[in-house]
């Protein structure tokens with residue numbers, strides 16, 4: 001972003017949002033398969049509607065997985081355990097319609113053990129990674145705080161402090177930037193599903209005092225900050241009953257909240273041979289290490305691939321004028337220190353593990369849990385020394 005004064009907005013959604021229900025089921029299927037068969041090829045898509053879950057896509061695996069039970073367990077964990085919520089893990093219908101991966105794709109992706117590192121990309125495409133110094137996790141402030149809000153909503157729902165909360169929720173945060181830096185929160189929107197008996201006045205007070213204000217450090221919320229809580233006035237019907245949920249519908253929530261471009265490929269349900277996912281994780285890893293090394297305040301990385309070809313077509317670094325050395329020099333360091341071939345990424349980030357269900361809600365980036373290996377800054381020292 002240019003160094004000037006402006007407003008910028010990002011949104012997030014809770015784990016109970018219908019599209020996120022679908023994402024979590026898809027990644028839970030992937031994890032269940034990877035627990036038995038880490039070399040599986042998985043493209044698991046999910047649709048969820050009132051009382052119905054449809055599982056479809058392409059899976060090639062030796063694993064024996066009860067897909068219906070995985071879907072039910074995921075819905076239960078999210079909190080849809082009552083027919084009043086529109087979907088109930090015990091009684092919903094689950095339809096399974098998986099095919100195997102196309103052999104035309106497999107011949108370009110699979111390699112012999114002797115040619116292991118030259119596994120081709122599972123598809124063509126372009127991916128972006130981004131990092132900046134606006135938050136401790138080197139994420140843009142609007143999306144980082146938007147995630148904190150819906151995480152807080154989930155926490156207060158699950159621990160019973162606000163028992164009238166239901167699983168579906170959305171947040172939106174608008175920051176005022178001064179000289180290109182986040183200075184204060186201009187507007188917070190938080191819509192949360194709730195039980196029918198609670199008054200709107202009680203919802204507004206609890207959301208502002210118990211969810212919004214504790215989610216921000218002192219100084220960001222000012223007397224001028226606007227709070228919009230359940231602006232429609234009522235949010236009883238939600239989740240898959242309110243809207244049909246589909247895997248891959250929240251790609252901006254999953255990434256950087258619109259602060260940088262997006263290549264268009266979704267993440268959830270895909271094994272790491274799909275560069276839509278693995279290369280986007282690697283691009284974040286690169287960008288975060290560049291910023292952690294002090295080589296730039298902001299870093300955007302683009303990589304692109306051709307199906308069946310291992311080497312990326314391009315690796316492009318853009319620091320928006322914040323770099324301490326030229327962008328071309330940073331890109332050269334990236335090529336020296338990061339193996340961005342698909343199998344190189346899998347090895348570098350240890351991606352053949354059942355780690356993906358956690359990624360499917362509250363963002364794939366800016367997370368501190370140990371599963372998120374692409375959030376490590378272990379290459380920063382080498383980049384700094386090389387510069």
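Every residue gets a Cβ built from N, Cα and C, even glycine.
Per Swiss-Prot, the listed range annotated as region 'Flexible loop' is 101-111 (candidates: 90-100, 101-111, 112-122, 123-133). Just one of 58, 197, 320, 328 is listed by Swiss-Prot for the same L-methionine site as 101, 243, 274, and that one is 58. Using a 10 Å Cα-Cα cut-off around residue 58 (L-methionine binding site), the binding-site residues 19, 45, 243, 250 reduce to 45. The 10 Å shell around the Cβ of residue 270 (ATP binding site) contains 27 further Cβ atoms across the protein chains shown. In sequence order, 22, 26, 55, 56, 57, 246, 247, 248, 269 are the residues near residue 45 (K(+) binding site), counting only same-chain partners six or more apart with C-beta under 8 A. Around residue 19 (Mg(2+) binding site), the C-beta neighbours below 8 angstroms that are at least 6 residues distant in the chain are 13, 243, 245, 246, 247, 249, 250. Long-range Cβ contacts of residue 101 (L-methionine binding site) within its own chain (separation 6+, distance under 8 Å): 41, 43, 58, 59, 60.
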